[in-house]
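Engineer: Shown below is the structure under consideration.
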Amino acid sequence: MPTINQLVRKGRHSKVTKSKSPALNYSYNSMKKESVFNPAPQMRGVATRVGTMTPKKPNSALRKYARVRLSNLIEVTAYIPGEGHNLQEHSVVLIRGGRVKDLPGVRYHIIRGALDTAGVDGRKQSRSKYGTKKD
């Protein structure tokens, strides 16, 4: 327990929390050619590689992912949710934060139904999460 005098001299410091989706915290100033701290909920990017990866033990699957070069010039790995997708190299995608627990290094999700990404076909429930229109 600190004394009053110690609190007057030093004060209390709040803990600094590290961002779970750091690439969304910066935008790029092309005039100055530098990154600027400017947090955003989503960000646009271009898919540079689309493929599958296998999850950590004890799970087994082929999870779809895309390597995305964001508009702030940072390259990240993003998960493609839902069954089936239409993404190819050079597709323009919108990403949000949110990790995939069994894929190491995947901290972002691609938003279905936005930009070049189509919604999931034939989806009846949880449609808003997968960008599917009402039939």
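Each residue, glycine too, has its Cβ placed from N, Cα and C.
Feature table excerpt (Swiss-Prot):
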- 1-20: region 'Disordered' (REGION)
- 9-18: compositional bias 'Basic residues' (COMPBIAS)
- D102: 3-methylthioaspartic acid (MOD_RES)
Engineer: Over all shown protein chains, what is the count of other CB atoms within 10 A of the CB belonging to D102 (3-methylthioaspartic acid)?
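Structural biologist: Other Cβ atoms within 10 Å of D102 (3-methylthioaspartic acid): 16.
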Engineer: Same-chain Cβ contacts of the region 'Disordered' (1-20) under 8 Å, 6 or more residues past its ends?
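Structural biologist: Answer is 97, 99, 107.
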Engineer: Would you list the DSSP helix, strand and coil counts for the residues of the region 'Disordered' (1-20)?
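Structural biologist: The composition, in the requested order, is 7 helix, 0 strand, 13 coil.
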